[in-house]
Structure formats: structure tokens, C-alpha cells
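Down below is the structure, laid out as C-alpha cells.
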Amino acid sequence: MTEDMSEPRFFKKINGKQHATPFFLALLVIEMSDLVFAIDSIPAVLAVSTNMFIVYTSNIFAILGLRSLYFALRGVMDYFYYLKFGLSAILIFIGSKMTINHYAHEQGATFYIATTTSLLIILILIIVSIMASVIRSKQLDKKAIKEEVRKS
């Protein structure tokens, strides 16, 4: 391991040998945290579906694409103002479903929401938050145009 960070590389050749740089160590830490969060999300996926194929493939796709999805969403978060509220509602729904299912199971009762129903609720929450954001954006644009006309 070298402490040289003069070039943004993961490895640097010193005296004919490859040495890792601090950038490589940072990459390892980031990838390990991705893996830990993916494993940590398995109970949340189990709340939506009990199909193990869906659980494992969704976690694999999360590991592969979540970071790039973050940068894509970060670019549109300013436009979709209510998306963060929709995502919060989804987390509340999944957490409530897990909690109710746990306590119902302890009491000997069965509480079950089908996977298709859960996915439909999630889809509706996302669509409603996006539509509300688009409506808000159009209203703000109209208000800005009226202000500009009034100033003229």
C-alpha cells in the first residue's frame, strides 16, 4: 500500500511492483458497505414477496445498479418535488406491513397482503407523487409567468 495520491489511480507501480493506493482502499470500503446494505435489505424484500427468487435477484440488481440509480435520481429530485414523500410513504407501508404481520403471527392470526397488491400499492404511490410533482411544477411555472408579466 502506498500513500501517494498524486494520481487518481487504484494501483501504482513502484520499483516494478504494483501497490494499492488509498483510492483502492476507499473503493473496497464503498463496495463492502453496498454489500452490507444489500444483505440488510433482505427483510424488507421479504415483506413484499416471499418468493426467494425475487428476493435474491432484487438484491443482486440492487448491488449492481443502485449507485448509478442514485445519480440518476439526484438529477431529477429537484423536478419531482413530492417524490421523496412518495418514497417515504412506501417505506412506511413496507414497515407497517412487516410490523402488523409479525404481531398478527404472534397472536396466531394470519395477515397477508399478496405480492401483486404490495407492488400495486408501491406503484400507485410512486405515480401519485410524480403526478403531484408535475402539477406543482406547472403551477409554479404559471405563477412565475404571472409575476414576470406583472413586473413588465
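Placed from the backbone N, Cα and C atoms, the Cβ positions cover glycine too.
Since this is a predicted model, take the numbers as computed values, not measurements.
Per TrEMBL, these features apply:
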type: TRANSMEM; residues: 54-73; note: transmembrane segment
type: TRANSMEM; residues: 80-100; note: transmembrane segment
type: TRANSMEM; residues: 112-135; note: transmembrane segment
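Outside the transmembrane segment (112-135) by six or more residues, the chain places 47-51, 54, 79-83, 85-87, 89-90, 93-94, 97, 101 with a CB less than 8 A from a CB of the stretch. Tertiary neighbourhood of the transmembrane segment (54-73): same-chain residues 34-35, 38-39, 41-42, 45-46, 83, 115, selected by CB-CB distance under 8 Å and a gap of 6+ residues from either end.
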